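Data first, discussion second: the structure below is written as structure tokens.
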Amino acid sequence: MSKAQLTRTGILRMALGGGAADPLLPAEGGGGRRGPFLLRALRIAVVVCLYWFTSIAMVFLNKYLLDSPSLRLDAPLFVTFFQCALTAALCLGLSLGAACGPPCSGLPTLRLDPKVSRSVLPLSAVFIGMVTSNNLCLKHVGVAFYNVGRSLTTVFNVLLSYLLLKQTTSLYALLACGVIIGGFWLGVDQEGAEGTLSWTGIFFGILASLCVSLNAIYTKKVLPVVDGSIWRLTFYNNVNACVLFFPLMMLLGEFRTLYHFDKLGSPSFWGVMTLGGVFGFAIGYVTGLQIKFTSPLTHNVSGTAKACAQTVLAVIYFEETKSFLWWTSNLMVLGGSFAYTWVKGLEMRKVQEDPNVKSGERNETGV
């Protein structure tokens with residue numbers, strides 16, 4: 001997963017799990033549970049394929065924008081700023097189209113309230129750290145190693161849940177986290193052995209994993225400020241991010257870099273930039289579709305399988321040769337992630353089926 005995928009997956013999972021319904025997504029009663037089995041299976045297959053295509057295409061597009069030898073644009077913050085600005089503009093455009101009727105009729109009206117914007121600001125700061133560190137990780141490591149480089153999100157989820165929320169984790173889930181950590185370190189070792197290791201990329205990958213976990217916690221706190229609306233939160237978050245990115249870009253001299261960039265007036269460059277932003281915005285929608293038509297557990301399993309396919313495609317596309325231990329590290333990360341998802345899914349099912357558990361405690365249990 002990349003920038004938009006990471007933030008919107010966490011927010012949508014909360015919104016779809018117990019918050020306000022997403023007006024762009026199919027209604028709960030019509031989400032593929034009726035009709036012939038083949039039709040439902042076809043819908044699920046189309047949605048999963050759409051999610052895979054959007055997610056993988058977004059990562060490859062971002063890699064091109066951030067680290068292409070032919071483009072030679074050393075302005076990662078500007079790329080992220082543009083995607084945030086386009087996301088905010090698309091949210092506003094969809095809101096303005098609400099008067100046109102379906103499928104936009106259920107969208108909330110968006111307007112910038114300074115008081116709400118200030119309340120969302122702490123989340124926006126974490127959001128900036130998350131999207132920036134994700135893009136910087138992708139800039140400094142290959143697409144094939146990208147999944148391993150920022151694979152510690154699950155581990156930080158467990159750690160922060162204990163430190164901040166005092167929530168304990170089962171032994172089996174901890175063992176799955178141990179497999180993920182082992183796969184991460186083995187991957188780092190193998191990247192070093194092949195001479196392709198970037199400690200800068202590893203640093204930003206770890207920072208991205210931490211920020212993703214913090215983003216989920218702050219999102220849960222901030223959602224009531226926007227009445228539980230995913231679209232309002234996305235709009236305010238990205239508007240705040242655009243404002244905060246300006247001083248950062250000035251501090252790092254990216255405006256000077258853009259001034260000397262020879263393709264700044266190229267329509268093809270802006271076409272790729274816009275396409276990357278649209279894919280970044282669309283990943284939130286297709287993530288929600290996949291959860292609606294399947295389940296949060298199946299979504300996580302699909303995401304793990306997608307990461308595997310993305311790694312294989314990157315190795316083939318960039319004509320790389322990887323060792324057996326390198327592949328083993330990827331399998332450990334993917335296997336540990338799948339095991340953790342499966343264990344948490346079983347634990348959630350037991351809690352939901354236990355009549356002695358209060359409804360409030362059930363709502364606090366998630367995948």
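Cβ coordinates come from backbone N, Cα and C, glycine included.
Taken from TrEMBL, the feature domain 'Sugar phosphate transporter' covers 43-340. Feature annotation from TrEMBL assigns transmembrane segment to 41-65, 77-99, 120-138, 144-164, 171-188, 200-218, 230-249, 269-289.
Sequence-distant contacts of the transmembrane segment (171-188) (same chain, at least 6 residues past either end, Cβ-Cβ under 8 Å): 145, 148-149, 151-152, 154-155, 158, 197, 202, 325-326, 328-337, 339-340, 343-344, 347.
It is 41-65 that, among the stretches 41-65, 77-99, 120-138, 200-218, forms the most Cβ pairs under 8 Å with the transmembrane segment (269-289). Per-residue pLDDT, averaged over the domain 'Sugar phosphate transporter' (43-340), rounds to 89. Among residues of the same chain six or more beyond the transmembrane segment (77-99), those with a C-beta under 8 A of the stretch's C-beta atoms are 3-4, 24, 62, 65-66, 105-110, 131-132, 135, 231, 234-235, 238-239, 241-242, 245-246, 248-249, 252, 254, 257-258, 273-274, 276-278, 280-281. Taking Cβ pairs closer than 8 Å, the transmembrane segment (120-138) reaches residues 2-4, 6-7, 59, 62-63, 66-67, 76-77, 79-80, 83-84, 146, 149-150, 200-201, 204-205, 207-208, 211-212, 214-215, 218-219, 221-222, 225-226, 233, 236-237, 240-241, 244-245, 248 in its own chain, all 6 or more past its ends.
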